[in-house]
């Protein structure tokens with residue numbers, strides 16, 4: 001390869017094209033067009049030993065001759081595949097020693113991490129890998145992390161997410177770069193990668209699990225996509241990726257519009273995230289994105305939130321009555337008078353308490369029980385049923401129906417009335433139906449009138465104690481988390 005003369009700008013060089021192998025030229029142009037890497041960048045490479053990552057290592061090593069990249073390799077041993085994984089590790093070590101590239105090797109127990117983090121082994125492995133990359137980035141003061149996803153990976157991801165029912169963002173494909181993570185091989189196919197390695201007599205490791213069709217993604221790669229290419233369009237993967245790119249541009253525009261409207265229609269407070277019903281009157285493309293943004297703000301992630309979940313909230317907003325739907329990450333969407341409340345009930349961490357009397361013989365004897373986390377007031381004469389709001393941690397109760405009111409945890413024989421017809425349900429059955437974990441049931445705060453539960457704090461109150469047009473004396477009870 002020959003350098004003709006220096007240029008200023010992103011790359012301080014011009015390369016004589018006829019001396020550059022097709023793979024190097026293609027990746028180099030892709031990096032330049034998308035401003036992925038700068039002259040002098042220090043880059044952490046995630047290298048498993050497979051064809052993609054080994055190709056990335058050698059291609060970036062060649063490119064580093066022209067843009068002065070400083071490379072460091074990271075290999076993560078997941079301790080899943082036994083001797084095969086040991087072989088992968090030794091192969092990466094051997095390559096790095098041969099090419100004089102510094103490297104770091106990490107050992108993780110993916111199975112244990114999956115259990116500890118409540119994830120699948122695959123997801124836990126991915127999270128741990130990126131944590132390892134970040135550690136090496138800090139150690140070497142690197143400013144970029146490079147991973148080896150290719151064009152085929154991108155088309156598979158788009159199809160996989162499409163079939164799962166994700167939104168536009170999910171079917172936009174794998175981003176070329178996000179924050180400090182770059183993917184320089186997204187422009188090349190798996191076939192091109194294997195050809196490059198073969199022509200340059202570079203060996204690589206093969207993960208046999210990639211050929212096991214019991215995994216959904218493997219079925220896509222090994223069965224569905226080959227069928228589509230053979231029977232419908234041999235360029236299907238390129239067309240899928242191009243469609244994803246166009247959708248990505250639409251996604252960027254919609255994100256800008258969503259951010260403009262989110263603050264107007266959404267209120268974030270101690271009860272959760274409240275989305276005004278007015279948000280559901282605007283174009284559904286924006287309304288649905290507002291819902292997704294609200295869930296992401298509450299849960300911190302969206303990975304398991306599908307289009308069906310979002311649609312369930314859109315339908316919830318159309319209802320006249322108060323209902324709720326359960327969402328991933330222990331989020332509950334609750335229909336309120338003027339909107340939808342996204343609440344995480346696990347936010348309230350409460351230990352078991354001793355019984356605290358509040359009302360005895362119609363006399364309020366404790367206005368601020370449980371260390372002031374409750375506030376109890378008698379409403380003034382001018383208060384009416386129309387003034388009552390549907391709030392998760394504030395309730396208005398018909399005081400005349402209360403014999404005594406005690407704050408406590410559950411007891412044998414507890415029950416509540418679940419409708420206006422007086423139907424009773426055991427508290428135990430309610431907990432089971434609401435999927436409240438066994439270990440948490442003894443800690444749930446209850447306002448009780450004997451064994452009749454007036455209010456399961458943070459969940460619902462008994463229909464028997466609800467205020468109606470015949471109610472004369474009303475007490476307002478608020479819980480502060």
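Glycine is treated like the rest: Cβ placed from N, Cα and C.
Annotated ATP binding site per TrEMBL: 48, 49, 50, 51, 52, 53, in sequence order. Secondary structure at residue 53 (ATP binding site), as computed by DSSP, is helix.
On the 0 to 100 pLDDT scale, the domain 'Lysidine-tRNA(Ile) synthetase C-terminal' (405-477) averages 87 in the predicted structure. Positions annotated as domain 'Lysidine-tRNA(Ile) synthetase C-terminal' by TrEMBL: 405-477.
Within 10 Å of the C-beta of residue 53 (ATP binding site) we count 23 further C-beta atoms, all protein chains included. Note: the ATP site is recorded as 48, 49, 50, 51, 52, 53; in the same chain, 47, 54, 55, 148, 204, 205 also have Cβ atoms within 8 Å of that site's Cβ centroid. Highest Cβ count within 10 Å among the binding-site residues 49, 50: 49. For residue 51 (ATP binding site), the same-chain residues 6+ apart in sequence whose C-beta sits under 8 angstroms from its C-beta are 190, 193, 194, 197, 204, 206.
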